[in-house]
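A.B. asks: Structure incoming, see below.
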Amino acid sequence: MKDIGIVGYGSYIPKYRIKVEEIAKVWGKDPEAIKKGLVVNEKSVPSPDEDTATIAVEAARNAVKRAGINAEKIGAVYVGSESHPYAVKPTSATVAEAIGATPDLTAADLEFACKAGTAGIQMCMGLVGSGLIEYGMAIGADTAQGAPGDALEYTASAGGAAYIIGNKKDEMIAVFNGTYSYTTDTPDFWRREGQSYPKHGGRFTGEPAYFKHVLNAAKGIMEKMGTTVKDYDYCVFHQPNGKFYIKAAKSLGFTNEQYKYGLLTPYLGNTYSGAVPLGLSNILDHAEEGARILAVSYGSGAGSDAFDITVTERIKEVVDKAPKTLDLLNRKKYIDYAVYVKYRGKIKI
């Protein structure tokens, strides 16, 4: 595979939070049982003036800061999300304009449930590797919704991260050693046009959906690269909740030291398309030169994208040029359920 890597990355997380106890109280549920079952304590909530576009813009600006490049050289911007503000009006064009990348570029909004952001990374890898563009930007961001009283309401959250892909060795903070995808037609989670909330297959979302795809993608990339779990310093997986993430990591043989930096769900919730991009951003915030990372996304419907990544010495030069993911995670203000339903537009008049 040609030399292709990450030259900049940035993240964004809204400051508002709601605790599991606050939601459970309204529905008469046992918060301790929910926290234990999901391994989630609280989740992020976007303010009324935040949506996928504003989250993507903030993450993109932070990525440009770390990359230290002229945004006009970005030849492609892809925003992966299942909560684009408009059905017809691209989020990607708004982001490109906001960072000063227009007009000489291609842009598109992507959808593949929670893995649309990583699909964008693969697309940028292809365009950069072919020489068609100098830099590409891929963003995974969402303001996820869960129906009132549904299990998703305890986890569906907001946040995102952006990655700038390039091929100049002296600019790369991390190199892609390889990528692999695993895709099938698996109807575990869906939402039709015009519907406010998604529907899901309950327990069917586990073994035949999430675990089948994540584990096969992880095994596929390791077979392709000739590696084992011992070759990786860090790993990150899609995290609809903390329980699935930890089970997937342990079933592959990863230790707590390897998977803990990528696990943000307990204090963030499930950011859908932003989940793996945000988890990876936190790993990069902590990683040293030479660290090897296994990243595996998952999108319902269903598919997983896997990446084998090695961090370069340049990481230490850029990590402090933009807010770190944990700094954004720790910048928080708690709200009650009444404010939450107001902010999320759940009160229908």
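Residue numbering: from 1, along the chain as shown.
Backbone N, Cα and C define each Cβ position, glycine as well.
As annotated in Swiss-Prot:
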BINDING   D30, C114, T205, H238, K247, N270, S300  (3S)-3-hydroxy-3-methylglutaryl-CoA binding site
ACT_SITE  E82  active site, proton donor/acceptor
ACT_SITE  C114  active site, acyl-thioester intermediate
BINDING   R203, K243  CoA binding site
ACT_SITE  H238  active site, proton donor/acceptor
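Describe each of these features in terms of where it is and what it packs against.
C.D. replies: DSSP assigns D30 ((3S)-3-hydroxy-3-methylglutaryl-CoA binding site) to coil in the three-state reduction, placing it in neither a helix nor a strand. The 10 Å shell around the Cβ of D30 ((3S)-3-hydroxy-3-methylglutaryl-CoA binding site) contains 10 further Cβ atoms across the protein chains shown.
For E82 (active site, proton donor/acceptor), the same-chain residues lying six or more positions away in sequence with a CB closer than 8 A to its CB are E111, A113, C114, A116, D142, A144, R191, Y272, S273.
DSSP gives C114 ((3S)-3-hydroxy-3-methylglutaryl-CoA binding site) a strand state.
In three-state terms derived from DSSP, K243 (CoA binding site) belongs to a helical segment.
Its own atom aside, the Cβ of H238 ((3S)-3-hydroxy-3-methylglutaryl-CoA binding site) has 30 Cβ atoms within 10 angstroms in the protein chains shown. DSSP assigns H238 ((3S)-3-hydroxy-3-methylglutaryl-CoA binding site) to coil in the three-state reduction, outside any helix or strand.
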A.B. asks: To see if you understand the setup: which same-chain residues, six or more apart in sequence, place their Cβ under 8 Å from that of K243 (CoA binding site)?
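C.D. replies: Looking at Cβ-Cβ distances below 8 Å from K243 (CoA binding site), excluding near sequence neighbours, one finds G37, L38, V39.
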